[in-house]
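Trainee: Take a look at what TrEMBL says about it:
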type	residues	note
ACT_SITE	164	active site, nucleophile
BINDING	192, 193, 194, 195, 215, 216, 217, 218	substrate binding site
């Protein structure tokens with residue numbers, strides 16, 4: 001992404017190239033093909049890209065058999081008046097745009113799926129169903145008499161089984177773009193869409209204020225539009241680190257054990273991040289490139 005900017009590419013070009021590289025590299029197993037198989041064993045992709053000058057967003061969710069999700073999201077901006085395309089129809093759109101159909105399953109994702117089946121499909125994302133979803137693979141249905149259990153607000157996801165590439169790019173003139181790409185939560189119920197492709201949740205960019213991108217338990221985080229909220233805090237003059245912390249604190253009140261983090265950057269190039277402290281996740285690492293740094297540098301923040 002940084003090289004694209006240095007060579008004169010646009011902020012959107014940088015976001016697309018950076019997130020796209022992560023899709024190719026299968027970053028952390030949680031971006032791109034061959035990771036996070038859903039309940040039926042299929043890997044599907046979510047991505048979005050946002051132009052902070054025009055406020056245009058392109059996004060795809062539950063994208064199947066197409067590897068370059070962030071590239072397809074960019075085409076949604078360039079060739080449609082829409083914002084978000086989903087599922088099989090998003091794949092058909094991608095093919096029209098020249099992207100090839102490719103199998104997103106690998107030996108690794110097939111192994112993850114097989115292991116999960118052998119462990120009685122644990123953990124999974126069902127609740128209040130019969131048979132008992134904590135002991136069996138289903139198929140599940142709703143019970144005749146519903147006795148709702150209190151929803152667990154602690155995350156089943158953790159740093160090892162769910163993440164996202166999130167990127168905020170500030171151009172030399174203060175122009176902001178942002179983007180995300182992920183293969184979602186492992187063993188998700190087919191059709192599930194997380195926070196990553198939702199504007200204001202997975203990421204947000206506004207060239208009059210700044211940009212933000214979130215990662216973690218999307219099912220919880222998306223309810224709070226954390227990226228939008230962080231940008232609004234920065235618009236009011238809040239320091240990026242404090243803006244990020246305020247967003248995390250807001251979610252903590254409702255889901256104290258959620259797994260998640262957010263990065264924030266304002267139009268002057270100041271940046272920060274924050275994360276929610278839970279066992280096994282006490283620090284958040286993120287990368288920064290800027291004219292002040294001789295090379296891309298890893299930064300670390302302590303979770304709150």
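Cβ coordinates come from backbone N, Cα and C, glycine included.
Map these features onto the structure and tell me what's around them.
Mentor: Taking Cβ-Cβ distances under 8 Å and a sequence separation of 6 or more, the neighbours of residue 215 (substrate binding site) in its chain are 163, 164, 166, 260, 261, 262.
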Trainee: Can you check which residues sit near residue 195 (substrate binding site), meaning Cβ under 8 Å from its Cβ, same chain, 6 or more apart in sequence, and list them in order?
Mentor: 201, 202, 214, 218, 219, 221, 222, 226
Trainee: Which site among 194, 216 has the most other CB atoms no more than 10 Å from its CB, taking these as binding-site residues?
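Mentor: Answer by Cβ density within 10 Å: 216.
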Trainee: Have a look at the recorded positions (164, 192, 193, 217, 218) and report the one with the fewest Cβ neighbours inside 10 Å.
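Mentor: Sparsest of the recorded positions 164, 192, 193, 217, 218 by Cβ contacts within 10 Å: 192.
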